[in-house]
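Enquirer: Positions annotated as active site, proton donor by Swiss-Prot, on the basis of sequence analysis: H323. Annotation comment: Swiss-Prot describes H137, H139, K220, D363 as Ni(2+) 1 binding site. Per Swiss-Prot, Ni(2+) 2 binding site is recorded for K220, H249, H275, and the stated evidence type is sequence analysis. The substrate binding site feature in Swiss-Prot is assigned to H222. The domain 'Urease' annotation in Swiss-Prot covers 132-585. Taken from Swiss-Prot, the feature N6-carboxylysine covers K220.
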Amino acid sequence: MSFEIPRRQYADLYGPTTGDKIRLADTELFLEIEKDLTVYGEEVVFGGGKVIRDGMGQNGQATRDEDIPDTVITNAVILDHSGIYKADVALRDGHIFRIGKAGNPQITDGVDIVIGASTEIIAGERKILTAGGIDTHIHFISPDQVATALTSGVTTMIGGGTGPAEGTKATTVTPGKWHIHRMLQAAEAFPMNIGLFGKGHASAVEPLAEQIRAGAIGLKVHEDWGSTTSSIDMSLTVADEYDVQVAIHTDTLNECGFVEDTIRAINGRVIHTFHTEGAGGGHAPDIIKIAGMPNVLPASTNPTLPYTRNTIEEHLDMLMVCHHLNPDIPEDVAFADSRIRAETIAAEDVLQDMGIFSITSSDSQAMGRVGEVITRTWQVADKMKKQRGILAADGGMDLGADGSASAHGSAGSDNFRLKRYVAKYTINPALAQGIADTVGSVEEGKFADLVLWDPAFFGVKPELVLKGGQIAYALMGDANASIPTPQPRTMRPMFGAFGKAVQQTSITFLSKAAIDAGVPEELGLEKLIRPVSGIRNLTKADLKYNDATPDIQVDPETYQVTVDGEDVTCEPADVLPMAQRYFLF
């Protein structure tokens, strides 16, 4: 015999289900649950008088060796490039073990995940679960960035630097074996996955190759070191040999050539372009056109995202500080002015919304904010919905990111747009850096870097941040209170952020060459070590929901951007969601 229950009551008890919609924070973005892998009437819930008790929802006989998970997140709504759906999520040995229906198969049919005596429970009812964010544009200037990033939902930081040296304040470079090794040793202290870029500036192969063998997972070419065609070619030659990435900040002043010369130097090889719009640096005024190429993996940094009435004014001062410029030197001021163009900045939001720009990142403390990658990504999505309307792919059947037919919810939902935007800071940067087999999505077998959100605070303040299956940061109240919730509730480090747990729940990414050379053993690294791989065969077509390659042009006099001949622009925002009302206290 079956029973019916009102949807509102069901959502209060077990969380929303198929067809229900959830508003994300205070935006106009609405998520619709596409499917529910739990079983109606057999939902598992923890608590007094609830289901997960010995002999009921928990199997009292199975040992951990019988595939019992370490943790189950119950009834969570998963928001991922792979789908938007509800499920129980099992974690084991620091990885996502299974996604499906949890419970006790001795009394319940359809159980994929057996809850046992070894299992901890995290209540995912009425919560949204995403993969941890991946920021591929980190200037390692201050160690405090790590906690700031973690508390925003970012669990992987890739970039370069040595601390507050002038080279690091301007460029994401950890130059040479000695600095690379010291930074790898420093990374042992942090509950964060970390990978380093070496300096991609040499006129011979060996000065670059030795940095890859020392542990760098890529090379950074930056105009402040000279973004010459020779440096570009040499870096890509080494990258092809060692299967690592090259990230590039091109030549704003066009001293070493124009954008066409850079394109010729790249010569069809895959490359990860930073702040591709150009305000963060790059050929003035038309570096943005490179985003339409099939071998280019284009990213934005967050200071220009989204375009607001304050964007232009704040950028000039930021640029002068970050790139060691002197406001008393006219040429330095002209250099700064050439990078800040309202027309190309206005086009950037639209190119993100069209899936032409594929990745968002921070440019931490070097014209970007390390704790705002996720927030600003969703602010762009909201701004674009308000200015451009609902995407054609939303509200019915359309082609998915892989070219196959897939449903993206009913009218009134934004599922396609949500998949496009969540991919920008999860799976796509993972693909670009060769770590997508380890992190970047909520899929079985992936490392359990996960973020749990209250929908009202989605994209702004996480509820829990899990690193390698253990809670590393959480929204926590007064430690002297009688319960966990009294004010002040702030994001605080949890047990996963301390002691030797850090080494078992966080990853240092290295090149295969460094691993083969015994760098982890030489340096005494205790963190989990994973290689980067599969980079040199990438194309933009591999990026999820953000693989468009149109013809992009920039008028050299007006800076107006066109995509396939159509003008592309948007108005600056006066008001944004996910902003001051969330940070009053």
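Cβ from N, Cα, C; glycine included.
Note that the structure is a prediction, hence the values are computed from the model and not measured.
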Enquirer: Around the recorded Ni(2+) 1 site, report the further residues of that chain (criterion: Cβ within 8 Å of the mean position of the Cβ atoms of H137, H139, K220, D363; site residues excluded), sequence-ordered.
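Expert: Close Cβ neighbours, site residues excluded: I138, G159, G160, T171, T172, A247, H249, F274, T301, S361, S362, S364, A366, G368.
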Enquirer: Relative to the Cα of D363 (Ni(2+) 1 binding site), which of the binding-site residues H222, H249, H275 have a Cα no more than 10 Å away?
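Expert: Taking H222, H249, H275 one by one, the ones whose Cα falls within 10 Å of D363 (Ni(2+) 1 binding site) are H275.
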Enquirer: Counting only residues 6+ away in sequence within the same chain, which have a CB under 8 Å from the CB of H275 (Ni(2+) 2 binding site)?
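Expert: Long-range Cβ contacts: H137, H249, G281, G282, A299, S300, T301, T304, D363.
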Enquirer: Could you check the binding-site residues H137, H222 and say which one's CB has the most other CB atoms within 10 Å?
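Expert: For the binding-site residues H137, H222, the Cβ with the most other Cβ atoms within 10 Å is H137.
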Enquirer: Can you give me the average pLDDT across the domain 'Urease' (132-585), rounded to a whole number?
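Expert: Mean pLDDT across the domain 'Urease' (132-585) comes out at 93.
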Enquirer: Note down the number of other Cβ atoms within 10 Å of the Cβ of K220 (Ni(2+) 1 binding site), including every protein chain shown.
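Expert: Its Cβ has 28 other Cβ atoms within 10 Å.
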Enquirer: With every protein chain in view, what's the tally of Cβ atoms within 10 Å of the Cβ of H249 (Ni(2+) 2 binding site), excluding that atom itself?
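Expert: Excluding its own Cβ, H249 (Ni(2+) 2 binding site) sees 26 Cβ atoms within 10 Å.
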Enquirer: Cβ-Cβ under 8 Å from H139 (Ni(2+) 1 binding site), same chain, 6 or more residues apart: which ones?
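Expert: Expected: G159, G160, G161, T168, K169, T171, T172, D363, S364, Q365, A366.
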Enquirer: Determine, for the Ni(2+) 2 site, the additional residues of the same chain whose CB lies within 8 Å of the mean position of the CB atoms of K220, H249, H275; present them in sequence order.
Expert: H137, T171, T172, V221, H222, A247, I248, T250, T273, F274, G280, G281, G282
Enquirer: Provide the three-state secondary structure of H137 (Ni(2+) 1 binding site) computed with DSSP.
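Expert: Reduced to three states, the DSSP call for H137 (Ni(2+) 1 binding site) is strand.
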Enquirer: Validating a neighbour-count step here. Other CB atoms within 10 A of the CB of D363 (Ni(2+) 1 binding site): how many?
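Expert: That number is 29.
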